[in-house]
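If you check TrEMBL, you get these features:
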REGION    1-36  region 'Disordered'
COMPBIAS  11-20  compositional bias 'Pro residues'
TRANSMEM  46-68  transmembrane segment
TRANSMEM  83-100  transmembrane segment
TRANSMEM  112-129  transmembrane segment
TRANSMEM  180-200  transmembrane segment
TRANSMEM  207-223  transmembrane segment
TRANSMEM  229-246  transmembrane segment
TRANSMEM  258-280  transmembrane segment
């Protein structure tokens, strides 16, 4: 009994560091030496899963809804794209949490968790609104027109039904997108703050990262244009650029993961500029997207220029 009492550990003194392996180390910040003493290898598995599920479950969901036979998924039931969206709402938060866990810097976990909760709420709201809006395509709804200008909507009786469809559009395009994309870009930026190293050799991307750069950038182009979140994207990009310049004064450079994310955003900006220049003189899309920031949605372009050509081919 006396021997076992001698081996009993003393309680940790206040302010002492937690034992190794503790799930939530310290407070919501990193020590001064933690930012520069650790580096992370390129997360090929996570970035590959991100790119794959983004293309399949997000970009591919409306395509699956259109391609698969309507008899399999009646208009009064969830479409194949809705099931893709449900899977996206589960897999993406999990991948974001795994990405945060691999950061060499202890990041503000409370902010991360609140952002994940808001992300799931926003993506779920968008699931409902987007499901109905895309199913309306089969009834002749045209995304390049506003709700009240659509032929199938303007003749509804009573006219208060039009207000209901405008409310649905608001939940889909405004509230859902805001609660979905703001936390998404915030988490990416929080992760980006830990992607700096004093070792210059770590600031290079492997071949696998270069191969993923194109598909990743192209998906962010789709996300920004279809989600109409250019302001959110450009502010995030400027914040990244300012952080890179600030850390450079300290002798820190981006590691391979940070360089991959930053390069993806740069290529995305070039793709958006090319997209806008291509459709700059489109009068119909100009009417739908008035104002200083003119960035047409790909689905509006589809219903205007591509969908009308499909019956002619048949």
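Each Cβ is built from the backbone N, Cα and C atoms, and glycine gets one as well.
Fair warning: this is a prediction, and the values are worked out from it, not measured in the lab.
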Non-local residues, at least 6 beyond the ends, that sit with Cβ under 8 Å of the transmembrane segment (229-246):
177, 181-182, 185, 188-189, 192-193, 220, 223, 254, 261-262, 265-266, 268-269, 272, 293, 295
Out of 83-100, 180-200, 207-223, 258-280, which stretch has the largest tally of CB pairs under 8 angstroms to the transmembrane segment (112-129)?
180-200
Give residue numbers and ranges for long-range contacts of the transmembrane segment (180-200): same chain, 6 or more residues beyond its ends, CB-CB under 8 A.
30, 35-36, 39-40, 92, 96, 99-100, 103-105, 107-108, 111-112, 114-116, 118-119, 122-123, 125-126, 223, 227, 229, 232-233, 236, 239-240, 243, 247, 251-255, 257-259, 261-262
Beyond a gap of at least 6 residues from its ends, the CB atoms lying under 8 Å from the transmembrane segment (83-100) belong to 43, 46, 49-50, 53-54, 56-58, 60-61, 64, 107, 112, 116, 119-120, 123-124, 126-127, 130-131, 184, 187, 190-191
Could you pull out which residues elsewhere in the chain have a CB under 8 Å from any CB of the transmembrane segment (258-280), counting only those six or more residues past its ends?
42, 47, 188, 191-192, 195-196, 203-205, 209, 212-214, 216-218, 220-221, 224-225, 230, 233-234, 236-237, 240, 244, 294-296, 301
Non-local residues, at least 6 beyond the ends, that sit with Cβ under 8 Å of the transmembrane segment (207-223):
42, 44, 47-48, 50-51, 54-55, 58-59, 181, 229, 233, 256, 259-260, 263-265, 267-268, 271-272, 275, 298
